[in-house]
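According to Swiss-Prot, the features are:
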type	residues	note
BINDING	HIS19, ASP30, ALA31, GLY32, GLY33, MET34, ASN35, LYS88, TYR121, THR145, ARG165	1D-myo-inositol 3-phosphate binding site
BINDING	GLN25, PRO26, GLY33, ARG239, LYS244, GLN303, GLU325, GLU333	UDP-N-acetyl-alpha-D-glucosamine binding site
BINDING	TYR312, ARG313, SER315, THR339	Mg(2+) binding site
Amino acid sequence: MVTPLHNSRPRRVAVLSVHTSPLAQPGTGDAGGMNVYVLQSAIQMARRGVEVEIFTRATSSADAPVQEAAPGVLVRNVVAGPFEGLDKQDLPTQLCAFVAGVLREEARHEPGYYNLVHSHYWLSGQVGWLARDRWGVPLVHTAHTLAAVKNLSLAEGDTPEPAARQIGEQQVVAESDRLVANTTEESDQLVRHYGADPNRIDVVAPGADLTRYRPGDRDAARATLGLDPRETVVTFVGRIQPLKAPDVLLRAAAELIARDPASSLRVLVVGGPSGSGLARPDALIELASSLGIAARVTFLPPQAPDRLADVYRASDLVAVPSYSESFGLVAIEAQACGTPVIAANVGGLGVAVRSGETGLLVDGHRTEDWATALQSLVSEPARLAALAAEAPRHAENFSWEHTADGLLESYRMATVNYNYGHGPSEFSPRRGRGLWKLRRAGGVRA
């Protein structure tokens, strides 16, 4: 039997990140903001005396079984399926192998080695509730993205999330002892689309490494990147996929240049391939050429954090035109560096950006609207400077230290309400009730 924790703070947490490693380079493949979130929050929890072991699927034969990411933070690479060539959509076929690897590691230790499970993304949640039941400890889950929400705002030509994912998410929501949402809007989405109990949801905002992402010398940053100091640089940072909508920025830039051919606008695209449709960097290059702005667009591969900070500092404006974002770490990182953000008015971007104070939110994705919004900023240097001055002050509200504190409070709530030795308490979800909801919704047949 697992002994309850007297101070309600776990000694050691098993963090599950099945589909992407926290050590992977953000901006390519399936690596993005979630990778940064998992690693940075783990580092901060370790600094607070909580050991963290992150389980992820091995994607190379060269992956060591265990890697130390930071003091108190281990990454365990679980062999589950082929190392390469397995699409994220096919990962459910390897969850049994992944679960076996996780349970096998725990079995090497005395009972109670892990005090809590924290799963990230629905695939990890499927593993998480099995580990929770096996070990008799609470499960906390962070969705990061939700199929029901993504499918409501698909980019043209993008592939809808499959029904199997939404059913899987419904199960995880029903099974979790606590749910962590990035914003109150995401909390509302969990209730509205998945029937989550609002009393089990904790809103914990992601953060940024404010020691790394801070204002600096713009000319020096441009010299480092080989950018002309006389140009107006608008930057996109992220995976090149329809969801992130880099094409929206390119089309708006082309429209703006058509309106003002003497414009000094330069578009900087920083990221690697992912997803479907406009996922290949060369497809975006072809789009720039077809729009007649190839000479005005610079492409860079994903950048290491210190170099990425220079990218933000070198930019006059950072664009986040996504069709869906649960938060938008790029927006916070850019503002922390003193760079205003122009973003789509979707999801958590309404929290990450203070429209009119640290940047501008744009409704919809029409080329004309984005071009006009861009023009309103780049044509008014004084306005842009005022936004830039306020941006770092806003970003100070979002740090990984704050995120870790919020997560630890969620862990405390999960722990005090967990009925050790007897499974979930009356305040926690039960598997039967969750599946009953699914059957009533027609998602699962009895």
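Quick reminder: no glycine exception, Cβ is built from N, Cα and C everywhere.
Listed in sequence order, GLY32, GLY33, ASN35, VAL36, PRO302 are the same-chain residues at least 6 apart in sequence whose CB falls under 8 Å from the CB of PRO26 (UDP-N-acetyl-alpha-D-glucosamine binding site).
By a simple count of nearby Cβ atoms, those within 10 Å, the most crowded of the binding-site residues GLN303, SER315 is SER315. The two recorded residues, LYS244 (UDP-N-acetyl-alpha-D-glucosamine binding site) and ARG313 (Mg(2+) binding site), have Cα atoms 21 Å apart.
Pairwise Cα distances among HIS19, ASP30, ALA31, GLY32, GLY33, MET34, ASN35, LYS88, TYR121, THR145, ARG165, which the record gives as the binders of 1D-myo-inositol 3-phosphate, peak at 20 Å. The secondary structure of THR339 (Mg(2+) binding site), as reduced to three states from DSSP, is coil rather than helix or strand. Cβ-based neighbour count (10 Å, all protein chains) for LYS244 (UDP-N-acetyl-alpha-D-glucosamine binding site) stands at 28. The number of other Cβ atoms within 10 Å of the Cβ belonging to ARG239 (UDP-N-acetyl-alpha-D-glucosamine binding site), over all protein chains shown, comes to 22. Cβ atoms within 8 Å of the centroid of the Cβ atoms of TYR312, ARG313, SER315, THR339 (the Mg(2+) site) belong to the same-chain residues ARG218, ALA221, THR235, ALA309, ASP310, VAL311, ALA314, ASP316, VAL318, ALA334, CYS337, GLY338, site residues excluded. Under 8 Å, Cβ to Cβ, and six or more positions away along its own chain, ALA31 (1D-myo-inositol 3-phosphate binding site) finds THR20, SER21, ALA24, GLN25, ARG239.
The closest partner of GLU333 (UDP-N-acetyl-alpha-D-glucosamine binding site) among the binding-site residues, by CA position, is TYR312; the full candidate set was HIS19, ARG165, TYR312, ARG313, SER315. Here the candidates are the binding-site residues TYR121, ARG165, GLN303, GLU325, and by Cα distance the one nearest SER315 (Mg(2+) binding site) turns out to be GLN303. Spatially close to THR339 (Mg(2+) binding site) yet at least six residues away along the chain are TYR312, ARG313, SER315, ASP316, LEU317, VAL318, ALA388, ALA391, judged by Cβ distances under 8 angstroms.
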